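Feature list (source: TrEMBL):
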DOMAIN    C:12-452  domain 'TRAP C4-dicarboxylate transport system permease DctM subunit'
TRANSMEM  C:6-39  transmembrane segment
TRANSMEM  C:65-88  transmembrane segment
TRANSMEM  C:108-137  transmembrane segment
TRANSMEM  C:149-176  transmembrane segment
TRANSMEM  C:188-209  transmembrane segment
TRANSMEM  C:230-256  transmembrane segment
TRANSMEM  C:262-279  transmembrane segment
TRANSMEM  C:291-313  transmembrane segment
TRANSMEM  C:333-358  transmembrane segment
TRANSMEM  C:437-458  transmembrane segment
Amino acid sequence: AADVTWNVSVWGKRRAFTEHIEYLAEKVAEKTGGKFEIKIAYGEALSKSRENLDGISFGAFEMAQICASYHADKNPTLTVLELPFLGVEDLDAEVKVSEAVYQHPAVKKDLARWNAQVLMPSPMPQYNFIGNGDAPKSPKDFEGMRVRALGGIGNLMSAIGAVPTTVTASETYQAMESGTVRAASFAPHAHLAFKTVEVGTWWTANMNPGTVQCPVVVNTDAYNALPDDFRKALDETVPAAVDHYLATYAKVYDKWWPELEKRNIQQIKFSAEDLAALRAKAAPIYDQWIKDMDAKGIPGQELLDLVHSTLGN
Amino acid sequence: MMTPDRSDATAEAPRYIMFDGVLARIENGFNLIAAASIMILMLLAVVQIFGRTFLNQPIPGFIDITEQAMAVFTFMGIAYCQRVGGHIRMEILLGKLKGRALWIAEFFGVFIIFLVVCGLIYGSWFHFQRSWSIGDSTIDIGLPTWPSKLIVPVALTLLALRLLLQLYGYWRLIADPSRTPLSVPLIMDVEEAAQHEIEEAFGEDDEEVSR
Amino acid sequence: MTPFEVGLIMTGVLLVLVLVGVRVAFAAAFVGLTGLIIIFSMRMGFERGVITALKMAGTVPHSKSVTYSLSVLPTFILIGFLAFYAGLTKQLFDAAKKWLGWMPGGMAVGTVFATAGFAAVSGASVATAAVFARVAIPEMLAVGYSKRLAAAVVAAGGTLASLIPPSAILVIYAILVEQSVGKLLIAGFIPGLYSALIYILIIVGMAAWRGDAPAIKGFTWSDRFASLPGTFPIFAVVAVIFVGLFGIDIGGYQFAATPTEAGALGAFVVLITAFFKGMRGRQLGQALHETAKLTVMIFTLIWGVLVYVRFLGFAGLPDAFRDFIVSLPHDPMLTMILILAAYAVLGMFIDAIGMLVLTLPVVYPAVMALNGGEAVSAADSTLGMSGEACSIWFGILVVKMAELCLITPPIGLNCFVVAGVRPDIPVQEVFRGCIPFFVADIITIGGLLAFPSIITWLPSMM
Ligand code: NA
Ligand code: NA
């Protein structure tokens, strides 16, 4: 039997989004001869996704996946990575910028309130829209359109005149079919999972409005209590686990492009001027965010600069 | 619920009767708030449908608002429901018991509830406390969640008081089964349960239904 | 002791507590909390274990209750309570009598139609039986029906309420198994009508054979049409729910609604009708009070059981039961029938909602696995249904089993209610009268087992 068992709280089924944790569990067990067992509990069996940080804080489980935007006030510093139009080109860049932010003392302090620290990112691609009806030729055509977009992307869509309408993820398909909303913003795997591809006729291929930030966190006490060789096994496996995640996620696109083809979904590309105009709309959102952070005593400008400089070099 | 003659017990346990009365008033108030919140939810949803369909004006954050407000009608009536015996249970074995044996079984049942409710008051208080001191907000429009989380320990505390009262109510019957049961839900056999359902279906105003 | 063994023992404790009459919601929460304490204590010592368990359990009531899809429940319950004041029962029965009275057993057939119609606004089976016992039985007796038949048709007709939408119990099922609430609601419609149809065939057959249910004549076509407007709110509620869930284009406006919104709009329609029928503020207050009470009861049951389910998650019990069911050597369909039979037996002793919330967390994953998993396609499944279809199919069947138990001894509450409303009819007589309807239900269930598409076709259109 194992000397140390860690429970991991995850929502949903096993999928590309959770493959780095699966990989980690397998390799850590291998490296420690089965003495360090990482047990993954899917489907919110251990906690509702929104309450994973709570469970971590009092040690009900040792590891969990969280998404910053599910509860912005629980982890305000991480939401810097969810601001619209940061200019993240691909998942590699997302990993790089995420890891730089995790190292910032303000972020560490933020998560330490939950007795938590980040182990690794679960990089998510840009939340482009799938919609039906007349395809928007420019962002102006979003005016008056009811869209499903949460948090920062929702703010951006309001700024360009769209009408963010709340619909739960699982109801999105039906909401689009019945016209409650005309477009929805998700990562490609979620567009597939929630079947928006079946009711959509267009996809904003290069709008790239932003994404969500979903790291895997661990309970700091449990991490520190690990025997040295176990901790080493864990730490050393993380980079390979992230690589494995990227490789698995790439396969989502193997399904994604043919799916768009097959369903005749028009790929909309906005012009450079249009995109620049969109980015200009995001500027006040950045300012507001920095103001909010200042009010909390968090160096928002510093975090945003860190993001820009990391992506710039 | 049966309302037995209270005169003998008023002399025997006056404070108990008074405590019951005060508590019942608070419980009624809480249930009234819960009832009102259901009415408001209904109207808000109607506004949401019409606003979205005809004016292209959905209520911003409708789901967030609904979810946080749900704590009102999911918890505030909980003590009232316990007082009137509304939480379901299986009465097949209980219905066979009489006298002291029945009161001991009832006491045991309430005691189990009391234990778990005390544990949950502690746990839900910390759930509220984290959202208050560290922070938590809803996904769409960023409403703070602590007010809604605070409702849970408050409503459960009211329930715990009701349970204490019921424990005393059964205790005095265990001590002397000849006493009149007071302020405790009484077990109904299936015919009484049917009678109860009939009363519920027709309300107090018979002519309303038969009109 | 392993967590799994703790799970098994505590589940046994739960059964005992429920059996000795501890209120189900709290018995489940108590067992869940105690189980968490044991499991965490084994991991981290008693003191820290207790505190961790309390904090873990303390997150469940709020986080599990405050869920948008559950907000539909009070709206449906409110519809049911307001429907009494909207005077729908009398008008429904009146219309049904005028349209169907001409055939042998016509008044009984009309009663089935009227109860089915009323069921469309009320999710409450027992209350439906109570109301129609008063409205329909006297009229049937007046034209020479036997007491046995008149009473039984009302008791049995009431059971349609949980299948025909709106139905709170189908919402609870959908939430517990994380299936679409809208699809479950829509799925109940055809099986509800199908159940009613089988009842009608049985009634007409018996009436022709036994002659204890004479036809009534003398209504004109203008009588018949004049009776229709009173039934309008029923159609309005059904239309709001159907059209809302499916979505429609009204002159360029896209009308669509979530279950909560549809329920709220339905309640609003019935509320307005009730005010027109002379409902006063005090009665609205009473209806709201009753709605609040029933709502808190159901929510407490849900989160209480989910504390227990959280503990099962840490103990790994559902996985083990699933493996056991899947490993059974006989035909999967036979296993399914045995599971349903077990529900029929269980339903004789505990009410429908309690039965569902207590058993589904363990039984449902096993049923899904039996069919080949939640994501299985119809072609790869063992029962010939996709994972989603199987989940909907099972839900309707389980609810039908629970409804069946409302007309079987020893605690078939519908029969007691009818007998209670009619002091002149002994309950044994009602139970005896229900035997043909029990047979009808067995035929219905057989049909649903053999032809799952009766259940799954309509939701697959959504
Ligand atoms: Na119904
Ligand atoms: Na009787």
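Glycine is no exception: its Cβ is also placed from the backbone N, Cα and C atoms.
Bear in mind that TrEMBL entries carry predicted annotations, made automatically and left uncurated.
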Contacting positions for the transmembrane segment (C:149-176) when only residues 6+ beyond its ends and CB under 8 Å are counted:
67, 69-70, 72-73, 76-77, 79, 108, 111-112, 114-116, 118-130, 132-133, 136-137, 140-141, 183-189, 191-193, 195-196, 199, 203, 206, 212-213, 237-238, 241-242, 259, 263, 266, 298, 302, 352-353, 356-357, 360-361, 364, 395-396, 398-400, 402-404, 406-407, 412, 414-415, 417-419, 422, 425, 429-430, 432-434, 436-437, 440-441
Candidates C:65-88, C:188-209, C:230-256, C:291-313; stretch with most C-beta pairs under 8 Å toward the transmembrane segment (C:262-279):
C:65-88
At a Cβ cut-off of 8 Å, and with pairs 6 or more apart in sequence only, do we get at least 3 pairs between the transmembrane segment (C:437-458) and the transmembrane segment (C:188-209), yes or no?
yes
Top Cβ-contact partner of the transmembrane segment (C:333-358) among C:65-88, C:108-137, C:291-313 (pairs under 8 Å):
C:291-313
Folded-back contacts onto the transmembrane segment (C:108-137), same chain, C-beta under 8 angstroms, at least six residues removed:
76-77, 79-80, 83-84, 88-90, 92-93, 95-97, 99-101, 145, 149-151, 153-169, 192-193, 196, 199-200, 203-204, 207, 213, 231, 233-234, 237-238, 266, 270, 403, 406, 413-414, 417-418, 420-422, 425
